[in-house]
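Visitor: My structure is below; once you've seen it, I'll send some questions.
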Amino acid sequence: MWARPSQLLRRGIIGMNRRNIRYIGRYNSRRLYPLVDDKLKTKLLAEQYGITTPALIGTVTTQFEVKRVGNMIAGHDGFAIKPAKGSGGKGILVIERVDHDGFVKPSGAKLSLEDLHRHISNILSGLYSLGGAPDVAMIEALINFDEKLSEYTYEGVPDIRVIVFRGYPVMAMMRLSTAASDGKANLHQGAVGVGLDIATGTAVRGVQFDRSRRDHPDTGHELASLRIPDWTNLLELAASCYEMTGLGYLGTDMVIDRNRGPMLLELNARPGLAIQMANGEGLRSRLDLVEKQSDRLSVKERVTFAQRHFARRGELKDLPEPELAPTCVNT
Amino acid sequence: MSRLPFYLIVGLLMLLGIGTSLHRHIQMEVPWTPGEQRQVWEVEAIVDFTALGDPARVELALPSHQRGYRILTENTASPGYGLSFLQDESGRRAQWATRRATGSQQLYYSVRLLVTDDQRKRQIARPPLRDVSWERPYDTAAAQVIERAWMRSADPYTFTRELIRDFSDELQGENARLLLTQFERTPLLVRLLNQAGVHAQEVSGLLLEDGRRRQTLTSWIMVFEDEENWALFDPRTAEQGQPDNLLLWEAGGRAVLEVQGGTNSRVTFSMLSRSQPAAAAVRSQLADDTLLNFSIHSLPLEEQALFQTILLIPIGALVVVFLRILVGIKTSGTFMPVLIALAFIQTTLPTGLIGFLLVVSVGLVIRNYLSYLNLLLVARVSAVIITVIAIISIFSVLSYRFGLNAGLTITFFPMIILAWTIERMSILWEEEGPKQVLIQGGGSLITAVLAYLAMNNPWIRHITFNFLGVQLIIMALILLLGNYTGYRLLELRRFKPVTED
């Protein structure tokens, strides 16, 4: 039922207090927060730095404009409505396709245009934003995620969380939405977290509700065979968010689009600790190692360093893996 | 990034907090616990004299704070007289005056004294040596008495003892007997001491005995060893030291009572001993607060009652900080539980809990309907506030009708906070499901109950109200907790699966 503190310490598990004081407090300057707390700002900034993000259909900034949403989304098959300052996935409404009689959510539930208006109106009045401040609604094109990954997820888009510390990707996991999580990729709502090997992008370990899992609870597909395509590219994209924001302890949420490759979905200046559960390993030793490294290296060099030092073999597989992603380690 | 300044600040706050608390405990005799009993003496002095029909002026010496006794309150009753209190280095005096007074006059002065363990001696200015001259044949007698005592002593104290012994009844010498025919015993002894070069003065004291009336002051000799140190001697027995039940009434070497415009004046004393709770004794202390004795007691009573509550808020905050940083309990709204706990203090716990659950659950149902109306946020929360007020009014009226007066205290709940709580819980319900609502709502309630138990504890109430230094200690503790990077208690459970394989 309870672990002893010494057990957690030995595994290098980081607690909330340590994360807040030692990493967020020390490496994330307050004045940089608006860059990541406002998704619209993040998006515009990412464009400057050549980081791909989902296409923006439009924004709604005033209650007056809410009525025009119908025109804005005309012709788009699927889209997502997000509050620019939302946190923890709150207020994100995903419409998978548009029927003749309404908008269909991934769960199959249908919404009317009225419902969309109400949702956007709620976003504008600050219902989902931090501190209830007035907000802006963003409408983004839906991501066409890679079919190879579709069997691992139920509804919703699986996203990949990479913790980037001082520009080094230190730990990663994929979040697979489940029926229990209502298509949302939030671990505490019941999504499955799959730890990913930084070196290869293969699955290390799966957890749901803090208990380990070997298969997806809804699709029944085993998790061990999960392998993220275009992995090194994705890591480089994530690592370059350090230069973009200046935040030293950063959670980057990435998705892989069938046509456009890895994309940045959003950034988080206060990334959660569940990633340690998904990896079955604490962040402590990796962060300690990165703290000793120079942050003057280029993105490629940092990713290479991370892939070399943070490589792990999956626990889900019984057989040892013969090749260890030769494309990645080439120094 | 050096943490030295941080620890310096924490250490300073700690020291300051403990220091001022100790100071208040030792100097002001404020007890650590509220239940302690303290002995209080009530002494009444009655001045009697016959006025001659002219302007009359009466001066009475008054006691001051001293070893073993602390003055709590003093009162006078003297119709027709103007009264003023005078203070100089020789002590405090009351001065009554009137234009016209005839016949028997009575003036009252009463004082309440707290018995303390304060053992420090009072600083008294050393009186100068007075020139002494004798007429014949007393000069030779005095010289011989002094000579005899001088030979058998080593310092002012032993000299005094020998001198008094010479005048005591059994051993009285011829010279002593001669001198006593002409002089009063105590002034005579002071005179002889002065002649021998020993600084001394006559002082008056009151021997406190429970229930005694019509007592008079007794005279004592205060002998100075040097500038600062002095000792009391009983001029009758030569015993050195101040008896525990002796209250020094006049210690400046002046007359106890001076009356102008009257005759047959005298002052008598009656006294009574009582026990009372220490907290009450502290409350009635004279407001002679300096910066060090900084205390809420100098405020008017109404503000004191207000501060009693305000000073408890840091305790509630400490409980919240403890539960969130060390335990990891989730609450809805960081300090909402403290405000709820404050309401619990007014309503008592069972009524408060029932009231809180009733208001929040009915509020959630109504808020659920409001969400269908598609309103703007501010308008919706305002509507919830009005709903909360309506719920509270209805419950108050209903409980009053059913004869449950406890239900009326429900109005003590902070309504706007409740409205926000309902709004937040409702959103939580929609987004994360009822389980999270139970976790956060339950966390808030547990925190509120624990904060209530801490804030309602009589001992904690006593300490926070009487020792303002404790606030600094709480501040230091909160700063220290804000520096804690270890695991939270609930994280030991959360991360347990990682350690299993």
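For all residues, glycine too, the Cβ spot is worked out from N, Cα and C.
In TrEMBL, annotation is done automatically, which means it is predicted and not curated.
So TrEMBL has the following annotated:
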type	residues	note
DOMAIN	B:23-181	domain 'Inactive transglutaminase fused to 7 transmembrane helices'
DOMAIN	B:255-498	domain '7 transmembrane helices usually fused to an inactive transglutaminase'
TRANSMEM	B:305-327	transmembrane segment
TRANSMEM	B:339-366	transmembrane segment
TRANSMEM	B:372-395	transmembrane segment
TRANSMEM	B:402-422	transmembrane segment
TRANSMEM	B:437-455	transmembrane segment
TRANSMEM	B:467-487	transmembrane segment
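On this model, are these features tucked inside or out on the surface, and what's nearby?
Guide: Tertiary neighbourhood of the transmembrane segment (B:305-327): same-chain residues 296, 299, 334-335, 337-338, 341-342, 345, 446-447, 450-451, 454-455, 460-461, 464-465, 468, 471, 474-475, 477-478, 481-482, 484, 488-490, selected by CB-CB distance under 8 Å and a gap of 6+ residues from either end.
Counting only same-chain residues 6+ beyond the ends of the transmembrane segment (B:339-366), those with a CB under 8 A from a CB of the stretch are 309, 312-313, 316, 384, 387-388, 391-392, 395, 406-407, 409-410, 412-414, 417-419, 421-422, 425-426, 429, 441, 444-445, 448-449, 451-452, 455-456.
Note on the transmembrane segment (B:372-395): residues 355, 358-359, 362-363, 366, 407, 410-411, 413, 415-416, 418-420, 422-423 of its chain, located 6 or more positions outside it, place their CB under 8 angstroms from a CB of the stretch.
With a threshold of 8 Å between CB atoms, the same-chain residues lying at least 6 positions outside the transmembrane segment (B:402-422) that come near it are 332-333, 336, 339-340, 342-343, 346-348, 351-352, 355-356, 359-360, 363-364, 367, 381, 384-385, 387-389, 392, 395-396, 444.
For the transmembrane segment (B:437-455), the residues of the chain that approach it from at least six positions outside its boundaries are 312, 315-316, 318-320, 323, 329-333, 336-338, 340-342, 344-345, 349, 352-353, 356, 360, 421, 425, 428-429, 461, judged by C-beta separation under 8 angstroms.
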Visitor: Report, as numbers and ranges, every residue of the chain located at least six residues beyond the transmembrane segment (B:467-487) whose Cβ falls under 8 Å of a Cβ in that stretch; write 'none' if there are none.
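Guide: Residues 3, 6, 9-11, 13-14, 16-21, 23-25, 30, 294-296, 311, 314-315, 317-318, 321-322, 325-326, 495.
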